[in-house]
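Read through the structure below, which is laid out as structure tokens, and then see the notes.
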Amino acid sequence: MPIRVQDELPAVNFLRNENVFVMTTTRATTQEIRPLKVLILNLMPKKIETENQFLRLLSNSPLQVDIQLLRIDARESRNTPAEHLNNFYCNFDEICDQNFDGLIVTGAPLGLVEFNDVAYWPQIKQVLEWAKDHVTSTLFVCWAVQAALNILYGIPKQTRAEKISGVYEHHILHPHALLTRGFDDSFLAPHSRYADFPAGLIRDYTDLEILAETEEGDAYLFASKDKRIAFVTGHPEYDANTLASEYFRDVEAGLNPEIPHNYFPQNDPQNKPRATWRSHGNLLFANWLNYYVYQITPYDLRHMNPTLE
């Protein structure tokens, strides 16, 4: 949350030069507060597990957040009870005339599927186009990053020959960026993807600012300068055992997967993994909620015109 000081305090300019968020008394006394409305487009098969992961991160904030779950795939789910979907999810036509402070688009196990072969690809494009006028800030995660880069920037699908799976080290590029506020200079985060995100490609074909990279030079965290869209190519929401579940699933399927990198103690799948990215995930989502959503969203969502001033 921002600190509140008198307007004329010399520290105001000093801290703002470091991009520390300072709220003057004038702004604080005129700012109105209400619950934030956040829409989650859940594309993962195990929807309840994914809900738990994202809601855990979103709850770690002093801000009150009202969550709406969205589905766009009308096919019968093999992993989530129909009763759960009917009770807790809405369809797009039920919310398309509403505005939201935030939108999160989750990953999906579609790394080897061409975009046009995705059953709900037209609906994905519809939601992203709608969000331009109805959402203050959208956060894309893993596969959703690849989809958004294609829809919003025309970047073709980039696929790795081998799946990247494990916990990788990253470093921040802009220490004073709001989205990386409080991050360590280097931090760990999980990845589980075929998608490839070369930092050079992002720089050459978009106006997005890369805020953190992997040690191998892949873009991990990047965003638009107006804070309307943000992208995270990994899975900071994952539980300690999620990568293990994926690994053993693929073993049972006879896929001969590589052991996830830097994940099992002593690189032994029989050892219980430990989450080494939990603080990073909590801080990332808290920063997004505060700086990219709360601080720029209009109080009256009927007038969607996000601004920093």
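Positions of Cβ are set from backbone N, Cα and C atoms, glycine also.
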According to Swiss-Prot, which candidate in LYS132, LYS157, LYS163 joins SER192, ARG249 at the substrate site: LYS163
Between CYS142 (active site, acyl-thioester intermediate) and GLU237 (active site): CA-CA distance (Å): 11
Integer Cα-Cα distance in angstrom, LYS163 (substrate binding site) to GLY111 (site 'Important for acyl-CoA specificity'): 9
Environment of LYS163, SER192, ARG249, the listed substrate site - residues of the same chain whose CB lies within 8 A of the CB centroid: PRO109, SER165, LEU243, GLU246, TYR247, ASP250, PRO257
SER192, HIS235, ARG249 filtered to the recorded positions whose C-alpha is within 10 Å of CYS142 (active site, acyl-thioester intermediate): SER192, HIS235
Between GLY111 (site 'Important for acyl-CoA specificity') and ARG249 (substrate binding site): CA-CA distance (Å): 16
Other CB atoms, at most 10 A from the CB of GLY111 (site 'Important for acyl-CoA specificity'): 19
Most Cβ neighbours inside 10 Å, all chains, among the recorded positions LYS163, SER192, HIS235, GLU237, ARG249: GLU237
